[in-house]
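Below is one structure; the comments refer to it alone.
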């Protein structure tokens, strides 16, 4: 059992293996050989590589945990080296100097059984750190005589260790000098641990998280247990294993083995037994089988098809680009310069288009710490930036705490402000005192204008640091000197004086008489640091980011001179000084501001790689000038890159394009495929069959998608690439445990796997669970048979809906609401404490809730919803989602009968066009429907009204121009152009006809108006008569009531005559306490009302919140998609919805189809085939159609055959019935005690004194009403109305009979002739001719013609 020694070894003992730090140089002829890679892979199935997090255990549990674990199946590297005389001095460089990143897992060989004579360590020592100098912490785990010495100290690790194999030791007999620190280093942990010295292998788990280092240990190949942890506060970036002793010369001595594999943050599935021991573990991302186990949280998943979500194509290569041959930034030279400024005059330098090595920079300046803001410090290594701006200054020892982020001490308030919002790193380092001098300088221009001198004021040593304790700003006209003529007469308090520079004003001084002496009272006395004189023009100021202190304070009494204003050296105040030295080193602060992260050509070369070729068409990782990610490159021809531009971004800030400065080619960058993998897993199979949906196998293997290294077989199907299954789609099965969809099934057979050596046992077959004939031949209903109505026909319906999503904000002045301007009430309201504040706080929360809801609604609308309208054809504008053509009306050629144009114009057109109203007797509307807005159809749309052709009498400008042009042309060139005047003439005649028929209708209307108005006058007369009668009755009743009231008051005065006297006595006895009680009652009442109002506001806001959530839901489900819910988006089955902003809410227009007719069918919840297999419908019903079972959808009756596409196969035909619980609301009312008993309980022996009330009848003024004057006025008004009777004149009308056209008379004559000829022949042929001729003889003698004419009857006008 591992335990900790309480005693520590002496700190001077720093033994690591057999190494000593002696200045003897080994050779650099050859590099150290590369670490060997193990043939053994990491197998985590038994818990290897895992750890008990802080020794926590779980009993009989299987759960998912996320931590730092190795990748299952990864390789080990042996990081151990054998120390020899010829060991290369490059042994501590990569690859043996390795990245620590998240952590490492180590498997270490215990060499105790074959330990060389004299050796005290059983395995090599591991060192984990960043720069391995005494300015940062280093973790060392050193074995020594059966213990492990763990330490975390600020070591300076020896980089050139020397072994005992070297014969020349230089006379140095000291053993154990493995670091070069001359004095004991600063440590945060030094502890000793025992370990099982008899174990063959030792296992270590090292990782870092949030600045804390964790170490775990085990002596068996299972989960490790907690060893120690310590907060370091910095990122450990590298590690190496010290070479182990000389090459053994004794036979049987083993070589050291230190097998290491990296850790990454991964999710593992653990199984804990009844003792809390990890018995098995699964790396969830290592294989598809592992992912299935983690998905089901079971070590033995059930047989089934699992969709593996979050699947992404794995990159197959790396595209790396850096600008080569850039100069070195030489940042370390500037940081280590022999002069450094003070905080008062901090310096900045910007580095751009150059490279730097951060690791060597930190070693060069012997960095104490490096911490970053808004970026992980470990990520700065190897990144690129647009530029790096660095500020630096020496740190006064007493003010070091001021530089912590978030502090507001003197340094950050008045000297240098750190921008916590910027991406920056804070570097603390030190230089030897002999190599640096502090430059103290005051950059203030207005201080220097009045005589400030750095040497005279600061007179500091080489390592003294000046800093400001306060900063002051002044105006352009400021001058600290008093005016000589003003202070000349002063005897006491007389300051120095001098003339001020041009454009400035002297210090303000007032001369005051004090006895026989005059006294000067001047501004800013005694010091601007302590004065509160508002006349003092030196104003304190705080620093902004990037600002220097504007100036130190000035003791104005010490400013003067014989001519020009000048201040003495000791006149400047508000600064202090301290040394920067500690341990003979000057400590310096530097702020590195990283501009343009992952873009630009200012790069760290710590992990720089050689440039690679750009591979197109496959998924690759990329690192383009520090911008990292993965994607697919496609070469394109692009001319939109500027000369300074290499990367192209989209509107979301994602990398979209890349210009290669090496080849000058341009590329388009697309993301790697992220899709869906279905895994068909069988419990008896070692691995699943895989279906990469919608992907060809070539793409799968070219992009290294599959995590299976060597699949046995694969092929393309119409569902995608199938891996680890045989293609047997020509076979069909009627039972399937692994259904892939679309009628395909993966069938697993152990026998099939055994028969074929290259088979996994999986086959992709066709799944046919049943046929239509089987269903109808051997089927019975499951769960009963029911009648149901299913729609067969629909109609489209529109439904408008308003949903309130916000309300006006309310704020209340509580004091004004309760008390108004009454002072006593306001004073007493203070006793109610924070009631008013609580009211306003609640209303503030309500208003904030309104803002939050409005933001949520706006977010839902912004994402994919357009509120602008669809404009009608002929109007320019963007075509969007909502049609507002009913609002705009009908414009252009699309207008036809029945459209909006025929029904009227819209409100918008009323504004855009002049409007002319016509009297329409029935033909104007028909004319508009015919033209449809096309004026050229004017004569083609002539209307007929009672046999007369008519047109509307109003012409547009274009029609007038056209007809005028035609008439002019007909007059200019007769007779050839005479036809051009015909349209004009017809138009005029038809419009005159239209005016004539309109006048007749107007005449009839006049008659109706006159009759109606005369009837109204008569009704008004009757009304006034009734009013006059009613007023007379009112007068009599009021007077009678007044007389009765007078009698009543006379009677009451005898009984209540003492009322006024009693009230006066009561008022005189009210004291302040009683008055306050009355005020208190009023305040309570009003506060109760206010509280009720606020409660109602909260209640209403709850309803609005619910409706706003419903509005968001309807935007997402109705507007952005088609809702499957019935009657949710309108009434019926949803088609589409439109949304528009409305006052305090949203206005929805839903379109849906509503059933208009139904059919009644027999429906069964399920069917049973052959008594053993059940069928259930998918999104529909099983119905009987002409004796056969069919499937139909639930929304529309359309019977079709039952197949596996519309049904679900069940293992049995059993039906489970569940009885619904009978739960009723409690409607009983609690019995209350008798009201009188409860009243008597609280009010006993209560008496009231009846006051003596008297009443003075003389003070009551009883008035009798006399309404005769008002009634006379009404009677006069009736008389005037009678005299204003209107006698309307009737407009005359004309009746016009139109002569029939000549061709009508011609047809009548021809018909008569034909009749006569027919009669003649009939008479001749029948023997009746003699009779006919006799009778017609006389007719022939009197034959004559008659002409019909036009008769016009004139009805003269007359008066009624």
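Note that Cβ sites are derived from N, Cα and C of the backbone, with glycine treated the same way.
Sequence annotations record features per position, and here Swiss-Prot assigns domain 'BetaCoV S1-NTD' to 15-296 based on sequence analysis.
Annotation note: residue 158 (disulfide bond) sits in a coil segment as assigned by DSSP. According to Swiss-Prot, the disulfide bond annotation covers 21-158 (among others), on the basis of sequence analysis.
As annotated by Swiss-Prot, disulfide bond applies to 153-187 (among others), with the evidence given as sequence analysis. Counting only same-chain residues at least 6 apart in sequence, those with a Cβ under 8 Å from the Cβ of residue 153 (disulfide bond) are 137, 138, 140, 185, 186, 187, 188, 190.
The annotation disulfide bond is assigned in Swiss-Prot to 165-246 (among others) on the grounds of sequence analysis.
The feature N-linked glycosylation site is assigned by Swiss-Prot to 192 (among others), with sequence analysis given as support. DSSP gives residue 192 (N-linked glycosylation site) a strand state.
The disulfide bond annotation in Swiss-Prot covers 284-294 (among others). In sequence order, 64, 267, 269, 282, 284 constitute the residues six or more apart from residue 294 (disulfide bond) in its chain with CB-CB distances below 8 Å.
Taken from Swiss-Prot, the feature disulfide bond applies to 329-354 (among others). Around residue 354 (disulfide bond), the same-chain residues at least 6 positions away in sequence with a Cβ under 8 Å from its Cβ are 326, 327, 328, 329, 330, 601, 602.
Marked as N-linked glycosylation site by Swiss-Prot on the basis of sequence analysis: 357 (among others). Neighbours of residue 357 (N-linked glycosylation site), defined as other CB atoms within 10 A of its CB across all chains, total 19.
Sequence-distant neighbours of residue 425 (disulfide bond) (same chain, 6+ apart, CB under 8 A from its CB) are 370, 371, 372, 373, 375, 377, 380, 591, 592, 594. The annotation disulfide bond is assigned in Swiss-Prot to 372-425 (among others).
Following the DSSP three-state reduction, the secondary structure of residue 603 (disulfide bond) is strand. Look at Swiss-Prot and you will find 384-603 (among others) tagged as disulfide bond, backed by sequence analysis.
Sequence annotations record features per position, and here Swiss-Prot assigns N-linked glycosylation site to 435 (among others). The Cβ of residue 435 (N-linked glycosylation site) has 11 neighbouring Cβ atoms from other residues within 10 Å, across all protein chains displayed.
Residues within less than 8 Å, Cβ to Cβ, of residue 664 (N-linked glycosylation site) and separated from it by at least 6 positions along the same chain comprise none. Reduced to three states, the DSSP call for residue 664 (N-linked glycosylation site) is coil. For 664 (among others), the entry in Swiss-Prot reads N-linked glycosylation site, with the evidence type sequence analysis.
In the structure as shown, the Cβ atom of residue 727 (N-linked glycosylation site) sits within 10 Å of 14 other Cβ atoms. The N-linked glycosylation site annotation in Swiss-Prot covers 727 (among others), and the record cites sequence analysis as its basis.
Swiss-Prot lists 747 (among others) with the feature N-linked glycosylation site. Sequence-distant contacts of residue 747 (N-linked glycosylation site), defined as residues of its own chain at least six apart whose C-beta falls under 8 angstroms from its C-beta, comprise 728, 733, 736, 738, 762, 763, 765.
Under the heading N-linked glycosylation site, Swiss-Prot lists 776 (among others), citing sequence analysis as support.
Sequence-distant neighbours of residue 793 (N-linked glycosylation site) (same chain, 6+ apart, CB under 8 A from its CB) are 1155, 1156, 1157. According to its DSSP assignment, residue 793 (N-linked glycosylation site) is in a strand. The feature N-linked glycosylation site is assigned by Swiss-Prot to 793 (among others), with sequence analysis given as support.
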Whole-number Å value for how far residue 941 (disulfide bond) lies from residue 158 (disulfide bond) (Cα to Cα): 108
Fewest-neighbour residue among glycosylation sites, criterion Cβ within 10 Å, set 192, 1216: 1216
For the motif 'KxHxx' (1356-1360), mean pLDDT (0 to 100): 35
Least Cβ-crowded entry, counting other Cβ within 10 Å, from the disulfide-bonded residues listed as 187, 384, 941: 187
Per DSSP, three-state class assigned to residue 357 (N-linked glycosylation site): coil
Same-chain residues at least 6 apart in sequence whose Cβ lies under 8 Å from residue 603 (disulfide bond): 322, 323, 326, 355, 356, 382, 383, 384, 385, 625, 626
Nearest of the glycosylation sites (192, 357, 435, 727) to residue 1216 (N-linked glycosylation site), judged by Cα-Cα distance: 727
For residue 435 (N-linked glycosylation site), the three-state class that DSSP assigns: helix
Spatial separation of residue 192 (N-linked glycosylation site) from residue 727 (N-linked glycosylation site) - C-alpha basis, Å: 63
Between residue 941 (disulfide bond) and residue 357 (N-linked glycosylation site), the C-alpha gap once rounded to whole angstrom: 89
